[in-house]
């Protein structure tokens, strides 16, 4: 696509949203509690801040403000306000804010921000544990959140990923013509590396005329040892391995397709 000569600021808002899932089987109550504690510590507010700060570097954004919070009994959230233009480091607020940001910041936050929320979860009887991370990278201007696609998926353990990308608003060129998108895209998959595409089965659901793009990803390879917490598959009987494999695979397919499925 030919580079546009714009009149004033690029007013297009580009939003990239992820839902990333990590699935685990923990046999006992103690193991389930241990998994939740492990994943909660692995993705605490400080670690998430590091990931999102690197994301800002990748997409070429400047950090204006960071708000982060760990929650009891589990979970964390981080929100980073970003700008396209360089800012004076002396004016950046890097202090922690456990509550809402000031109104002036919230108003700006709607335009360019990066945020993540985590949701560790377990079933009290079935042994299945799920960690979900919701990430949104929303930018206003020429910054493209798609640049951070590979990095974010690699940084978080991802068995299942759902991705949404949309472009909203319009910008004008020097002749006054409106442009509702400023780059070529027909699939989110085009912004993924070949090694990543080789790891996942993927399906697209796109609404091109509305500039809405959706991709679902499910890990191709299933190795039971990667889904067990503090239990080795070789310590289980054949029937136990088959039962746990069926339960995990059913859980993953239900999350991937977004609906409950009958037991096989």
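Every residue, even glycine, has its Cβ placed from backbone N, Cα and C.
Annotated in Swiss-Prot:
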MOD_RES   112  pyruvic acid (Ser)
ACT_SITE  112  active site, schiff-base intermediate with substrate
ACT_SITE  117  active site, proton acceptor
ACT_SITE  140  active site, proton donor
Using the alpha carbons only, what distance in Å do you get between residue 117 (active site, proton acceptor) and the residue listed as 'active site, proton donor' once rounded?
21
Look at each of the recorded positions, 112, 117, 140, and point out the one with the fewest other Cβ atoms around it within 10 Å.
117
Rounded Cα separation (Å) that holds between the residue listed as 'pyruvic acid (Ser)' and residue 140 (active site, proton donor):
6
